[in-house]
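Student: Annotation source Swiss-Prot lists region 'Unknown' at 1-162. Under the heading region 'Alpha-L-glutamate ligase', Swiss-Prot lists 163-458. Among the features that Swiss-Prot reports, domain 'ATP-grasp' is placed at 267-450, with the record citing sequence analysis. Taken from Swiss-Prot, the feature ATP binding site covers Lys304, Glu341, Phe342, Asp350, Arg374, Ala375, Asn376, and the record attributes it to sequence analysis. The Mn(2+) 1 binding site annotation in Swiss-Prot covers Asp411, Glu423 and is backed by sequence analysis. Here Swiss-Prot flags Asp411, Glu423 as Mg(2+) 1 binding site, drawing on sequence analysis. Taken from Swiss-Prot, the feature Mg(2+) 2 binding site covers Glu423, Asn425, and the record attributes it to sequence analysis. If you look up Swiss-Prot, you'll see Glu423, Asn425 marked as Mn(2+) 2 binding site.
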Amino acid sequence: MSDNKFIIGSEEWCAFPALGVPAIKARVDSGARTSSIHAVNIRPFKREGEPWVSFELHPIQNSRKIILRCESKVVDRRNIKSSNGESEKRYVIASVIQLGGNAWEVELTLTNRDSMGYRMLLGREAMSNKTLVDPSESFCLGEKGDLEVEQLYGVKTAKKSGLKIGLLASNPDLYSNRRIIEAGEQRGHEMVFLNISQCYLKLDASSPEVHYRGGRVLNNVDAVIPRIRPSMTFYGCALTRHFESLNIEALNTSDAITRSRDKLFSLQLLQKNNLDIPTSGFANSPVDTKDLIDMVGGAPLIVKLLEGTQGKGVVLAETTKAAESVINAFKSLRVNLLVQEFIKEAQGKDLRCFVIDGKIVASIERTAAPGEFRANIHMGGSASIVSVSAAEKQLAIKAAKTMGLRVAGVDIIRSSRGPLLLEINSSPGLEGIESATGIDIAGAMIESIEKKLGWKAD
């Protein structure tokens, strides 16, 4: 037996200075071969060509008050069998452990230990030739009270920084994008504009990455806000999905955006969930044009390109002959379109309800410009504050939920048979609604991310 060995109990307080961990309670288990430490939001990245990993650590069991953000070089990735017999592939890091007045380097596997009794497990490999375990004792190297632990972490919480949030978009000068960047910075976060077309992906089971033009790796952002223009839907959703695979929070998920961008599919989902929509028709062949027109109640009617946005690709056909001509012309171009009843009693007006996390934060009434039937702000429409009914509120909230969107612009038209859903937008513009209402919607979007990630200002 070596004279250098020291006695430890079945539980001890450890420290990892290189990780910024001044105190963490460990379960000492000589029956376990490897050691592990609690880690969530684990994200691999490269530093000077070497594999690294970042992770978050809540060092105090059953407490989320203290969050440490740690980084370490990866020394391995191994299949580890847990106490319940399940195998998990974990990142392995090496760091110097301090136990009492002793210090040496140990290997740690990273895993979520929320369901365990301790934030750390000290296994026999880390203790080999260093310690003797007395399982009948606890804290042989000294106990730490709650006050002492809080004081040790007091410096850490005081220095807590904001989140790093990426805005996935195409034009940094658009009002909505400028406001989101501004709102995030005002709340103490690091905001990064990421041009979707300049991002590219590395698909690799062991080290997936998102790169930015020039080679910068983007795996270290805490969250992303997708603001994907229609022409970039496929690539933008693929990019968002890749961030999600890295456990990076997306304000709106790729699945939700994809659902909402498919106008036909979204109407089918709304219909399936018993949410009222204008009567609409969809057909493949020009042979069915006459029946399609009759199906929606005849002319006047609306013809919509399924790929259109901001009022573009939407035509009012005032007569049956005009409707047939427009539909057949579009069909000859091999584009997909919807035919929809025209709600004449709306008189060129509709509602835009801005929904965040299942609540309406602002509503406006949009009025079409003279001689125009489309109320979109981008088509010259005007916006004014409006009070929405309980039925309209319920319809907007249910529509956003059906799409799976945490942030949505829900368009509703008032008809003689009640409110009808027109469209659900996953990247709603902010200028018209913020200008009309004076509400800080961009700030509410940032707040949604803060709540989801459990972040609070100092």
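Cβ atoms here come from the backbone N, Cα and C positions, even for glycine.
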Student: Work out the three-state DSSP category of Lys304 (ATP binding site).
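Tutor: Where Lys304 (ATP binding site) sits, the three-state DSSP reduction gives strand.
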Student: Rounded to the nearest Å, what's the C-alpha distance separating Glu341 (ATP binding site) and Glu423 (Mn(2+) 1 binding site)? Just drop the number here, would you?
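Tutor: One finds 14 Å between the Cα atoms of these residues.
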Student: Out of Asp411, Glu423, Asn425, which of these binding-site residues is nearest Lys304 (ATP binding site) by C-alpha distance?
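Tutor: Answer for the nearest of the binding-site residues: Glu423.
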Student: Across all chains shown, how many C-beta atoms besides its own are within 10 angstroms of the C-beta of Lys304 (ATP binding site)?
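Tutor: Step by step: centre on the Cβ of Lys304 (ATP binding site), count other Cβ atoms within 10 Å, giving 21.
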Student: Roughly how many angstrom lie between the C-alpha atoms of Asp411 (Mn(2+) 1 binding site) and Asp350 (ATP binding site)?
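Tutor: Spelling it out, the Cα of Asp411 (Mn(2+) 1 binding site) and the Cα of Asp350 (ATP binding site) are 7 Å apart.
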Student: If I take the alpha carbons of Phe342 (ATP binding site) and Asn425 (Mg(2+) 2 binding site), what is the distance between them in whole Å?
Tutor: 20
Student: Determine, to the nearest whole angstrom, how far the Cα atom of Glu423 (Mn(2+) 1 binding site) is from the Cα atom of Asp350 (ATP binding site).
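Tutor: Between the alpha carbons of Glu423 (Mn(2+) 1 binding site) and Asp350 (ATP binding site) there are 11 Å.
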Student: Compute the C-alpha separation of Asp350 (ATP binding site) from Asn425 (Mg(2+) 2 binding site), stating it in Å without decimals.
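Tutor: Asn425 (Mg(2+) 2 binding site) has its Cα 14 Å from the Cα of Asp350 (ATP binding site).
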Student: Reduced to three states, what secondary structure does DSSP give Asn425 (Mg(2+) 2 binding site)?
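Tutor: The three-state answer is strand.
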